[in-house]
Each structure stands twice: as C-alpha cells, then as structure tokens.
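A.B. asks: Here it is, the structure, as structure tokens.
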Amino acid sequence: MKKSIFKRYAAAVGLMASVLMFTAVPTTSNAADDQKTGKVGGFDWEMWNQNYTGTVSMNPGAGSFTCSWSGIENFLARMGKNYDDQKKNYKAFGDIVLTYDVEYTPRGNSYMCIYGWTRNPLMEYYIVEGWGDWEPPGNDGVDNFGTTTIDGKTYKIRKSMRYNQPSIEGTKTFPQYWSVRTTSGSRNNTTNYMKDQVSVTKHFDAWSKAGLDMSGTLYEVSLNIEGYRSNGSANVKSISFDGGIDIPDPEPIKPDENGYYLKENFESGEGNWSGRGSAKVKSSSGYDGTKGIFVSGREDTWNGASINLDELTFKAGETYSLGTAVMQDFESSVDFKLTLQYTDADGKENYDEVKTVTAAKGQWVDLSNSSYTIPSGATGLVLYVEVPESKTDFYMDGAYAGVKGTKPLISISSQSVDPPVTEPTNPTNPTGPSVTKWGDANCDGGVDLSDAIFIMQFLANPNKYGLTGTETNHMTNQGKVNGDVCEHGSGLTEDDAVSIQKYLIRAISELPESYLEGHDPSKTTTTTTRITTTTTTTTTTTTSKTTTTTTTTSPAMHGGYRDLGTPMNTSATMISDFRTGKAGDFFASDGWTNGKPFDCWWYKRNAVINDGCLQLSIDQKWTNDKNPDWDPRYSGGEFRTNNFYHYGYYECSMQAMKNDGVVSSFFTYTGPSDDNPWDEIDIEILGKNTTQVQFNYYTNGQGKHEKLYDLGFDSSEAYHTYGFDWQPNYIAWYVDGREVYRATQDIPKTPGKIMMNAWPGLTVDDWLKAFNGRTPLTAHYQWVTYNKNGVQHSSQGQNPWG
C-alpha cells in the first residue's frame, strides 16, 4: 500500500461513525502481532495486524463481520470462500459472483476490495470497489492494460510486481493483478453505504483477455478491508456468493434539455471530481459567491483535479463541449490547461490538450472548448485540470460536459470579481425557504438520528439523495435549510450531522449550534467591503487601495492581566474578539485526546470565555474517559476554527502559562485527519521559560525548524500580541507588531485551521522539563485576527535574524 506517514493523531474518530456503526461490542486486540483465522457459517475469515501496532478489532459472523483499526502499520480483515483444496482453475467453478452490503468508513489510507490468490503460477489479485485518501496501487512500477466494464462499473486493469515479499507460499516474487474502479465507491472521512455485486469470474476473464496469465489454480475469493497507517471501521452486514442483485446493462448518459451530459456546480461537495497525483480536492468557495472546489497539495505540475468520463457516453472520434471555470490567487499569472488522458489502440497512455488559457491573480477564467473531438481509438478517458508551469493551488467551479456547441455552465463576467476565500466573509442572509424546524433535514416533522443519517447520505451520494436525486425521498431545499445547524448559512456538511447527534444526546441544549458570521439574526447587517487597514497609534498611511488607520483601545485587565501589546486590527478579514463574550469563528475541542506527548484530554469546560477573555486551562481530568493507546492524566483546553485559512497575517493577544512541563500556543494546522498533508505553523511559549517564544513549522510532516527568540519580557505577566505572516515564499513571525524572525525554506502550502491550546507534556522532559502536576493553570487570549492581505504593521520587513 501507499507509504504515507501519519504524524499527528486524528482530532477524533467521528461521532457519526461511533453512533451509526456498531451494534455489538467486538473483541479488541491491543498492540499484539495478530493473525487470527477461523471458519463460521461456511465462510473463512482472517484478521491480521502487522508489527504489533495500534488497536484493532474484528467480530466475525456467518457471512458478516465488523472491524476497526487505529494507529496501525498495516491491517486487514477479510471473509470469503477458500477453494485451495480443490486445486482447480477458476473456470471450473462457473460464475463466481460476490454480493456485499457494507458500511465502510475509511479515515486515511485504506481500501475495500475483493481479494485472493492463485497458485501455479503464484498471483495476488485485487478488485477494488472503494478507497480512502489514496487510489491503489499508485503509479510506481505499475503497468496499465486498459479498462473493462463489468456489473455496470468501469475498472482500470493494472499489474504490479512484488519482489521477495511474504505470500501464501512464504517469501516469493509474484505479480499482482488489479481491477480498480475508475470512480471510487467510497469517500474518505465518511461513512459510505455500499451495496453491490462483483462478478469475479468476469474480472478473471477480462484479465486473461488483456494478456495476463490466469492459468493458475484458484486459492480464495474474499471481501477484504485493508488499512495502512490510518484509522477506520467497517460494518460488513452481508457477504454472499449467490448474486442476488439484478444489475441492468449500462446505458449511455442522455443530455438534458440544455445539452449537458454532466454538470457540476459543487453546491453539494466535490461531486465525482477527485485529486490527481498528490493533489487534494475539497469543497470551498466558488465563482460569484457560490460554492466550488479548492485544489491544493500539488507536488508536481501535472497534479490537479480529474474526473473519469463514461465511455458509453463519450465515444472516440465524436465531438463534445468540455470545460470549467478556474481561478488562482497566488501568482501574478499562470496558464491553466484542460487535458484528456486516454489509452490508444496500442495500449499507450496519451495526453491531449483540450484547452489552455492564461489567468491573472484573482481572475476567474473560462477553460472550455465547445468543439473538442476525442481521438480515434481512445479508451480509459480521464479529463483533468493542470497548471503546466506552476504548482500553485487553484479554485474550480461550473465543470461540465455537453454536446458540441453547448455553452459553459458559468458565464464569466468581464468585470473584476473578488477571488473566493476559504475563510468566512459576512454574507447577507440568503433568499429561499425559512426554517420550519431546526434539524429536520428529512422534513418528517421531528428531529432524530434519521436526520443525521439523511445528511450523510446526501453528502456521500448526491446522485441518489441530492436535490435532483433518483431516490423518492431525496434532499429538498427545505431540508437543506432545516439541516444547516452548524455554522448556519454555510450549507450542509458532516458537522451538521454531528451537531444533530450532539443535540440528541444532550451534549448541546438547542439547535442551531452556531451561525456563520453574518447569518445570526440577532446581529446587525455588516458590510462586505474589503478594506486594507494599517493599525498604528499615531499615523495614517494612504496607498493606492482604500487604507484607514484604526486605533483600538483595549479594555484593561481582562482576566486580571494588563494589555501591553499592539491593538487589534478592526478591519481584518476575520475577527474573533473574545472580549465581547462570543467565540467568533472558533469552537472548543471536547472529549478526545491527541496521543503522545499531550498528557491531557481536551474538554470544552477547559476552554471558556469569561471575564473578557478566552481562558484555556490545564486541570485534573474531569471524567473517567479511557483510551487503550494513550490514557492521559489531565484535562486541557483547545479552541479551533471550523474553516480553513491560507496565506495572510495571523495574530492573537495572549498571556501565557508559567510552569515547567506546559505549553501555551497559537498555530495553524492541517493533516491526515483533514485528508491533507501535515502542514503546521507554530507560536509556542514553553512554561519553563516564559521570557522566550519558540517558532516552528512543518511542511508535509517535515519539521526541525525550531527557533527560540528572547522576548525581553515575561509573557506570563501581561497580554502581548504574537503573529505570523504566511506567504508562498516565506513566514515572518511578529511580536508586538515587530518582525523578529523569518524563514524562507520549504514553506507550507496547504490551508489549515487556526488553533490555540494549553497542555502538559509527557515523555518530553528534555524539551519542556517535567510537569509537576500543578493545577489549575490558565492561558488567556483576548482576540484572534486573520488578514488575507498580509501584515500591515509599520515595522514590516525588519529581520534582526538576517
């Protein structure tokens, strides 16, 4: 499997999974080198956990099982039929059809497949139905053998080699054959409801037809759940070998009345678009205030966003209209390219240009060709967007495919348009239906678990449960408004399903849980005019943009401490002013633990707004929560945003804790728990010496950039301002409005959440000194701001570190 590195524990195993998945308590194996096998009800099963790592479980039944894994190296759980004692080729067994009904929740590198071996010759095979954050088997050393359509699904046929690796016959060299769905049947960090059948014999026939050796004797056919350095769970409700699902012959897509075969405005998520190469695709803002997708993490220029085209609809030699709208906000100008990847009649991969356009920074452009002819003999069609001369992140909206001459889905205005941002703006209240009952997503008049499930179905399968879905009881506009109970005004997300469940178990007292800034009816309407603000105490500076100078006199002694820092920028893009008694864009982490070296559970009662400030505290543990991998002794406080933020200036007003073994922090973070690489930028004050601050950052999990700076004051005695200006080619750290350090190498590029926490350490005495158990300890924060336009301090550019 893909060799990904899991550096930071996931924030939490999703509440959705814990509520919906398990109906029985499985036997759990803690950090043992497990290989358990058995038979039940005529089925063979196996659970395997490599290298004595993590926490795993499998609970087998007759034609069913549940499993879970966390913190593992490599894990698999499988169940099926063993044919080895018969020593026959697959053709002797007639049509082998495996039918499955599975709830599959991958959180990282994982896949669900039909799996097995043959002997004489030795061969390992996979028929992959769905995966998490990585499509197997990757591209290194992999040969392509075209595509095949079986059971109404199109699969790529691939071959890889394993040299001197473990097998059913000991350490051997052997091939692996793969059928991989061109579109995954699952999504990462989501509970996927997967019910289908796999005509296994037809895959064997397709491999043989493609020239792969299928002369061996069949060893087994199993349904397999596998994970590599990831977390996840599965509820395999049934496996059978009798078919039982009537799969109609596939038919080509018919164009709608406007000529579109496919149209995706991304209002309900990423649709069928996925990351290509290392790129990640996430729902974000789009053109003209709508939703779109954000493409990030491009480690090579050909990485981007891609979609597989149905070959029954899009035929070689015929002409179509293909396109999308794109925008980048990070370089002065780049060329976008729409490309068709295909396999020709000789089995060779080709890349044909559909359209190329130039886009200035912040400018939406139309990347479409209304008359593109698919090359003769082309199969395995993949349409993708790339930036050939740059690795910049970019935005997309309005992707479509239609008959020749069909107009683009979005008509790009010639006037200047503000680029979309991942942080919240202050939109006016949208038009549309008003709420009839908070949480009633399925509009049945009540609020229960079925509403949370319905939201997850809507997000996971918009073709069935979307506003125009095929299911009779699909989502309605009224249901979307009712169900939008977390950050109301931001649209339906998994967080809304979680909020409903929190309401049902009385973790929160009412719905909605929160409003998107500007959507709370108790607030007055605010302007959305973008203003660049220079904050000083004495001067006003005017540039070519509208520039004002604002002096904010901070109320004294919030939380009992003086304010000796610079004033808050009242015109920043995002402002969370805890002095008002409100959390702004933040929420408290509650009921989970990171793992080492964080010797605490995060609880919301350790993160409170009181006495004109946010107070993050370390105290004794409040509950009897247990974790088999890591059982911290204390409780800690953490505040984090729901939204992701990118380049710009981040600043907070903070008073730190003073005690050996503790940390007060302000940072941005994203990682595997967000389906992203580990990127992080830190400001940390170590309680052992509060006259210093530590700066640090991680890029794709690589750190070792620590820098200690002498403050010249004790940060535990008063509020001071701490900030960093994050740009594509540098990070500059600030203290009280003055730049004090700058880094220019291997700068992070993935948007992250803004976070603050207070925590005690364990096993890191050489870094923090040993924690003596003193509680309570409290760090105080007055406000946090983010300014998309970067730093505005008058001392910008000073760098005493050279």
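Numbering starts at 1 and runs along the chain as displayed.
Cβ coordinates come from backbone N, Cα and C, glycine included.
Copying in the features that Swiss-Prot gives for the protein in this structure:
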SIGNAL    1-31  signal peptide
ACT_SITE  GLU124  active site, nucleophile
ACT_SITE  GLU226  active site, proton donor
REGION    245-523  region 'B'
DOMAIN    258-404  domain 'CBM-cenC'
REGION    414-436  region 'Disordered'
COMPBIAS  419-436  compositional bias 'Low complexity'
DOMAIN    434-513  domain 'Dockerin'
REGION    533-564  region 'Disordered'
COMPBIAS  533-553  compositional bias 'Low complexity'
ACT_SITE  GLU684  active site, nucleophile
A.B. asks: Could you give the Cα-Cα distance between GLU124 (active site, nucleophile) and GLU684 (active site, nucleophile), in whole Å?
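C.D. replies: Pair distance, Cα basis, whole Å: 49 Å.
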A.B. asks: Per DSSP, to which secondary structure element type does GLU684 (active site, nucleophile) belong, with helix, strand and coil as the options?
C.D. replies: strand
A.B. asks: With every protein chain in view, what's the tally of Cβ atoms within 10 Å of the Cβ of GLU226 (active site, proton donor), excluding that atom itself?
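C.D. replies: Excluding its own Cβ, GLU226 (active site, proton donor) sees 25 Cβ atoms within 10 Å.
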A.B. asks: Can you give me the Cα-Cα distance between GLU226 (active site, proton donor) and GLU684 (active site, nucleophile) in Å, rounded to a whole number?
C.D. replies: 38
A.B. asks: Where does GLU124 (active site, nucleophile) sit in the DSSP three-state scheme?
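C.D. replies: Once the DSSP labels are grouped into three classes, GLU124 (active site, nucleophile) ends up as strand.
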A.B. asks: Taking only same-chain residues 6+ apart in sequence, whose CB is under 8 Å from that of GLU684 (active site, nucleophile), what do you get?
C.D. replies: VAL663, SER664, SER665, PHE667, VAL693, GLN694, PHE695, ASN696
A.B. asks: State the count of C-beta atoms found within 10 angstroms of the C-beta of GLU124 (active site, nucleophile), not counting that atom itself.
C.D. replies: 20
A.B. asks: Taking all residues of the domain 'CBM-cenC' (258-404) together, what is their mean pLDDT?
C.D. replies: 89
A.B. asks: For the domain 'CBM-cenC' (258-404), what are the DSSP-based totals of helix, strand and coil residues?
C.D. replies: 3 helix, 84 strand, 60 coil
A.B. asks: What counts of helix, strand and coil residues does DSSP assign across the domain 'Dockerin' (434-513)?
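C.D. replies: So the domain 'Dockerin' (434-513) is made up of 34 helix, 1 strand, 45 coil.
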